[in-house]
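Novice: For reference, Swiss-Prot lists these features for the protein:
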| type | residues | note |
| --- | --- | --- |
| SIGNAL | 1-21 | signal peptide |
| DISULFID | C50-C65 | disulfide bond |
| DISULFID | C57-C70 | disulfide bond |
| DISULFID | C64-C77 | disulfide bond |
| MOD_RES | L81 | leucine amide |
Amino acid sequence: MKASMFLALAGLVLLFVVGYASESEEKEFPIELLSKIFAVDVFKGEDRGCKGFGDSCTPGKNECCPNHACSNKHKWCKVYLGK
């Protein structure tokens, strides 16, 4: 029962992706689709002037992007949850 539900859901997702791909005329379709699904801009990291999640940083220099903070322990940018 679980396997058939999973296969049905996977089939619907595949149908959606194929339908969207057939209508898309851009060559950067996979990047565009992933960007829309995850609502993040990780593919254009070179364009921004700040460091994103997982990038190395120096604590106290404020190099990380908004909503990120430099970890004193690990020395990389992580998501700041406001604590």
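Positions of Cβ are set from backbone N, Cα and C atoms, glycine also.
Provide an account of the burial state, proximal residues and distances for the features listed.
Specialist: C65 (disulfide bond) is surrounded by 18 other CB atoms, counting those within 10 A of its CB over all protein chains shown.
Secondary structure at C57 (disulfide bond), as computed by DSSP, is coil. If you draw a 10 Å sphere around the CB of C57 (disulfide bond), it holds 21 other CB atoms from the protein chains shown.
C64 (disulfide bond) falls within a strand when secondary structure is assigned with DSSP.
All protein chains considered, the CB of L81 (leucine amide) has 7 other CB atoms within 10 Å. In this structure, L81 (leucine amide) belongs to neither helix nor strand by DSSP; it is coil.
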Novice: Give me the CA-CA distance between C57 (disulfide bond) and C77 (disulfide bond), in Å, as a whole number.
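Specialist: On Cα coordinates alone, these residues lie 6 Å apart.
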Novice: Drop a 10 Å sphere on every Cβ of the disulfide-bonded residues C50, C64, C70, C77 and tell me which sphere holds the fewest other Cβ atoms.
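Specialist: Result for the disulfide-bonded residues C50, C64, C70, C77: minimum number of other Cβ atoms within 10 Å at C50.
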Novice: Where the distance is taken from Cα to Cα, which of the disulfide-bonded residues C50, C65, C70 turns out closest to C77 (disulfide bond)?
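Specialist: In terms of Cα distance, C77 (disulfide bond) lies closest to C70.
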